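Participant: Please find one structure pasted underneath; my questions will follow.
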Amino acid sequence: MAETVADTRRLITKPQNLNDAYGPPSNFLEIDVSNPQTVGVGRGRFTTYEIRVKTNLPIFKLKESTVRRRYSDFEWLRSELERESKVVVPPLPGKAFLRHVPFRGDDGIFDDNFIEERKQGLEQFINKVAGHPLAQNERCLHMFLQDEIIDKSYTPSKIRHA
């Protein structure tokens, strides 16, 4: 029988300098969900969240952008991705049906603690989705992240690298 010998030589790498170690990564995509604002009155009341994007990925047309989105916009994005892409889309933070019950002891869906929990859940959702290479090619994701107004009558398509 032939004897196998493990090759234990180290890979040859170039020395790392401070810019390599602490400089910006070669490709990055940072998305923050912040600054919730409740607008409207009565049945027309809802909360919007600021979506801030910073990236150097060439597929995105803007390197920095800020838009405001409400929960129903996240639902739209999720349904578009499920319908049009091969991406397994993570769940959104749940709907708050019981928080709509009148005569609650708190503000229901407008309670500060609920809004903070939802904000964190939405940030986890959008970072998982936008971090997926196939999702990054979907026009609906680009509209959601970078267009001031979402054109819900758009034609679903893929984004081509610039």
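Just so it is clear, glycine is given a Cβ too, placed from its N, Cα and C backbone atoms.
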Participant: Which residue does Swiss-Prot record as omega-N-methylarginine, given the choices ARG43, ARG68?
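Facilitator: ARG43, according to Swiss-Prot.
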Participant: Give the residue from the recorded positions ARG43, LYS95 that has the most other Cβ atoms within 10 Å of its Cβ, counting over every protein chain displayed.
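Facilitator: When each Cβ's neighbours within 10 Å are tallied, LYS95 tops the list.
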Participant: Take the domain 'PX' (27-151) and average the pLDDT across it for me.
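Facilitator: Here the predicted model's pLDDT, averaged over the domain 'PX' (27-151), is 88.
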Participant: Measuring Cα to Cα, how many angstrom lie between LYS95 (SUMO2 cross-link) and SER72 (phosphoserine)?
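Facilitator: Here the two Cα atoms are 10 Å apart.
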Participant: Please work out the helix, strand and coil residue numbers for the domain 'PX' (27-151) from the DSSP assignment.
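Facilitator: Final tally across the stretch: 54 helix, 29 strand, 42 coil.
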